[in-house]
Amino acid sequence: MERLATVRARLQEWERAFARLHGRRPAKGDVEAAPEETRALYREYRNLKQAVRQADDRHRVLEQSLAEAAEEAQEPSCWGPHLSRAATQNTQSMPKQSLLSSVQDYGKRLKANLKNTTQTGPTQSRKLQLQKRSLSTVPAPRPPGSKTESPCPDEADDALPRVPEPRPRLGQLQQLRSSLSRRLTSLDPGWLERCHNRVSDLLEVPGACGLDLSAEESQPQMSGKVNIADPDIQSEVSVQSPEAIAQQPAQVLSQSPKSINSKGRKRKWNEKGEDFAQDQPSSGAGPLSEGARATVHGQDPPGEPTQVNVPQPCNSSNQARTEKAKGTTHLHASPRPASLDRGNYIRLNMKNKRFVRVGANRGRLLRKQVWKQKWKKKQAAFGGSGPRATDKDTCFRCGQFGHWASQCSQPGPTLTVQEEGDRDDKQPISTLEEVAQRTGTASCHHSGEETQPAAPELQVPHCPTPMSPLYPPGPLGQVAETPAEVFQALERLGYRAFRPGQERAIMRILSGISTLLVLPTGAGKSLCYQLPALLYAQRSPCLTLVVSPLLSLMDDQVSDLPSCLKAACLHSGMTKKQRESVLKKVRAAQVHVLIVSPEALVGCGARGPGSLPQAAQLPPIAFACIDEVHCLSQWSHNFRPCYLRVCKVLREHMGVRCFLGLTATATRSTARDVAQHLGIAGEFELSGSANIPANLHLSVSMDRDSDQALVTLLQGDRFRTLDSVIIYCTRERIQNGWLALLRTCLSMVGDSRPRGCGPEAIAEAYHAGMSSQERRRVQQAFMRGHLRMVVATVAFGMGLDRPDVRAVLHLGLPPSFESYVQAIGRAGRDGKPAHCHLFMHPQGEDLWELRRHAHADSTDFLAVKRLVQRVFPPCTCSQRPVSKSSPEEVKEHSGQQTYPVLGQACLGHERALPVQSTVQALDMTEEAIETLLCYLELHPRHWLELLPWTYAQCHLHCLGGSAQLQALAHRCPPLAACQAKWPPKDTSQGRSSLEFGVVELADSMGWKLASVRQALHQLKWDPEPKKGAAQGTGVLVKFSELAFHLHSRGDLTDEEKDQICDFLYNRVQAREHKALAHLHQMSKAFRSVAFPSCGPCLEQSNEEHSNQVKTLVSYYFEEEEEEEETMTDTQGPKPGQTQLQDWEDQIRRDVRQLLSLRPEERFSGRAVARIFHGIASPCYPAQVYGLDRRFWRKYLHLDFHALMHLATEELLLRGR
């Protein structure tokens, strides 16, 4: 039988492949034309079927001989005729009476059976129990293809054990006779009449020849045996004639209700066992095709059991099968039990739920409950829509409350197994061509077809017309003189005159000219966008967008605006109600200035939390202001990549043509990069520079113990009396208990001022590991003067508007000159003297920490290549015409380089890159991957276009089964296209759930992603509800797996992909080298003017030393244009490079030890070097590898690239 199942499975696999290839089932001629191996399988299948049939015939003859031998066997009798073996006779030997005649004397035979039962007594019941136990050993019918074995003669003899002669007890015959009289009087004549009517209806059923009289559901007529639902005897008889069926109702009804109830539980167990066997079909389940049956020369198909075939006169249509199932249900009714006197007991219906609570409502609560129920019933009459049907508390069939689908009496859409299979056969899955014709989209296609039409090009949203300037510039672009209207607006804002640089910048914005303004911290940069916004709003309803980097900075900017200027902010930290209120005011043109984060601006139209709506829903935008514009050049790389797309989104989606950039620190190279983003053509003039105010006194020292030096400095005369101090250091240093040491040491120093005049607290921490409420509390306490010192990271202080900050201290080297200038610029804004000091480590530990961040953003060429392969997968669009000119090699991202324009046959496809899987595959952070994608979007060739993030996978589950899924596909084009694009592998069994890619489906259909998502969401609700309220369909639709969403071409050549890889890798390498060069240059500059210790800085500041530091910083910002020539000279020999030879042997041993301890990991040279430097990555997190201090941060003082080179050599030697 195992070989038969194997051969059947292979033949069915060949037939399915033939059907997919030719669109039809194979015929006899196709089988003869098949390969020799296939024909040999058909011949072997025929021989195996014949062998199985012969074995079944021998088994049937053996059973008949055993039955005849049992009839002829004579038993010694001394108790009368009640010991005869008539009850053990086979049902096949019963007299063949007509079904109609048996109905007429139904009651007579029932009484006769009851009388015989009385005569036989307990002996007959014992025989029946033994016979039941013996017959239970006969194998039940198994599904096709299952392994069966014919019983041997010995087992057949054991199936009929000899029954020992029982000894009757005295008085038992009289008890049985009395019980007979009671049971005869309890018979209901109406019940006999109903039985007569039911059996008469049975004669009218066209498919009655194949009925199953068991309590199970009607199964397809696969075998010629019928299971008799006898509670005491379970046997299988061959259906030979209608007369044999006429005997079965009498046997069913001849048992007492008590016996039926007592055996019901065991009967259920047997049925579960049979169902469990049937629920495990073999790989060859299912009939062969018609051509295959013709090939086997009239033999049974392999999907049917090897039983005696019964001629079925019934029709094979769905209507006949439904009538057959209805006819079967009449015979499943159990007889009515006799009325019994149960005394003080009642019957509980456990199928219906009854809720009885201890604390039931009484009195006022009960009257209120009744009042609510009454008005719920009147709700429809008063215009209400009734309770809304949900998926949790309503029936999936009828949509009513109070019951589940299993107790529903109304016919629902759910089908039986047979009807569901018939519907699957009658309703095949639509092809892609049919779906395209039905939906009107000609772009539904397979991903592997060569004739696939190109996907439609991504349409850019219509940009609104830009606003005209308030004061148009002259013919040569000159700015007009400042009119009196501008000065009047200045007075309305509370100012009397302009500060240096403000007037020129404001007039350029009012003339519609993009401007980059660089002013020191506290010089009034906010006025440069407030005044133009007010004047534009006075002329016509419009909006001014301000892009701000921090949420706390947004709140401060809104609160500091004058009352005549209406402003609001929009970010992800707001509640849904707050966002809706702000958007409502913006649409109504009640807001003059809208402050948003770059993430909210880039994700406009994505309907995410804190995202900005589309430009069509907003008033005309006068101009856009980007505060802290240096973030476009510094923060945009691997930290906040959305900054790279801010100007592109404003220009292409919002229609903005005038930009204003505000910053306090911008070198020459940073200014050129920012000007390129803002679209400032030609030479630009920096209004102001990063000049350090004269009231700041700077000093630098290199102390061996920086903690003790800080305490000594704060206890000195120079810093002892200062009330507001900001101390910048790393987060690790704050969390290592250093803050407690600072509080303890400073509390022991007495304060000469009177009680109540100074701050209440000494020092508090501020870093990203704290909650937002705690950070806000610390900042407010510092702003109100209740806190003397704030020990924080570099995130604190941006947008801080406290003019009397008296001191700023740095524990360690700052990240850059720009960061240092911004930090010290927060002190002394009131013009009074302020002090700033920098502590450096003499051994360079602070420089080592900063180098870690530069190396963390770099990646390998192999990771870049994998990303390019994921972004530009090949498509089947027709090839482009070959251009005569060859593409030039991409070297740098410069707008001056020209590229040949080639004819494009592929207009691009929408793709989704799952974030989590992409991060793990490339071992890169989300920000680093998005940065590389932004590089490709901003490239002159425009390799791709980034879209808002989306959920790529859709999981759809139908509670109604595969029939409901097929019905929904006819009214939902995306679902039909999904089934046609990804057909199920096994079509014999229906499926009720689907999981597919939404972006890929939308691209193949040519639809927008939003339309596809909306169509799938509509499947959860009934389009034609029976009531006024919306009703659920029982369909669950869930979107998951957040992914990068982009639009890219699929016809790039290998040369173009190599150019993209080189371009991205060169950009990453250039950023890393530039960051390292700046760090070394800054470290060298500060070391040249640093004191060996803080001793000279304790009492008073050194003016000469302060001027040296100021000159050094100003030189960096003014002479930045020579950076490219001096970068290699400035970098010089790398620190730690000369010590590598002394550590080489130890490094190699540690690499080998690391590889042996973790053989399951696939390390790379960069991964090993990151572990030695303490750099976490997605595949090698610090929470796991940071626990092993034998390797983590062990070689931080050595060069990163040298470690990576040694690790790569060891990996190659070990073959990994």
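Every residue, even glycine, has its Cβ placed from backbone N, Cα and C.
Annotated features, as they stand in Swiss-Prot:
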- 72-100: region 'Disordered' (REGION)
- 113-171: region 'Disordered' (REGION)
- 235-340: region 'Disordered' (REGION)
- 436-458: region 'Disordered' (REGION)
- Leu519, Pro520, Thr521, Gly522, Ala523, Gly524, Lys525, Ser526: ATP binding site (BINDING)
- 627-630: motif 'DEAH box' (MOTIF)
- Cys875, Cys877, Cys906, His909: Zn(2+) binding site (BINDING)
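Local packing around the Cβ, expressed as the count of other Cβ atoms within 10 angstroms, is greatest for Thr521 among the binding-site residues Thr521, Ser526.
Here the binding-site residues are Pro520, Gly522, Gly524, and the one with the most other Cβ atoms within 10 Å of its Cβ is Pro520. Among the binding-site residues listed (Cys875, Cys877, Cys906, His909), His909 has its Cα nearest to the Cα of Leu519 (ATP binding site). Within 8 Å of the centroid of the Cβ atoms of Leu519, Pro520, Thr521, Gly522, Ala523, Gly524, Lys525, Ser526, where the record puts ATP, the same chain has further Cβ atoms from Arg499, Ala664.
For Gly524 (ATP binding site), the nearest of the binding-site residues Cys875, Cys877, Cys906, His909 in terms of C-alpha separation is His909. Each residue contributes its Cα atom, and for Cys906 (Zn(2+) binding site) and Pro520 (ATP binding site) those atoms are 50 Å apart. Between His909 (Zn(2+) binding site) and Ser526 (ATP binding site), the C-alpha separation comes to 43 Å. Here Ser526 (ATP binding site) is positioned 52 angstrom away from Cys877 (Zn(2+) binding site), judged by their C-alpha atoms.
Across the motif 'DEAH box' (627-630), the prediction's mean pLDDT works out to 86. Other Cβ atoms within 10 Å of the Cβ of His909 (Zn(2+) binding site), summed over all protein chains shown, number 23. Every protein chain shown contributes to the tally, and the Cβ of Cys906 (Zn(2+) binding site) ends up with 20 other Cβ atoms within 10 Å. According to DSSP, the secondary structure content of the motif 'DEAH box' (627-630) in residues is 2 helix, 1 strand, 1 coil. The two recorded residues Gly522 (ATP binding site) and Cys875 (Zn(2+) binding site) have their Cα atoms spaced 55 Å from each other. In this view, Cys875 (Zn(2+) binding site) is surrounded by 20 other Cβ atoms within 10 Å of its Cβ, with every protein chain counted. Secondary structure from DSSP puts His909 (Zn(2+) binding site) in a beta strand. Of all the Cβ atoms in the protein chains shown, 25 others lie within 10 Å of the Cβ of Lys525 (ATP binding site).
Recorded residues Thr521 (ATP binding site) and Cys875 (Zn(2+) binding site) have their alpha carbons 53 Å apart, per Cα-Cα distance.
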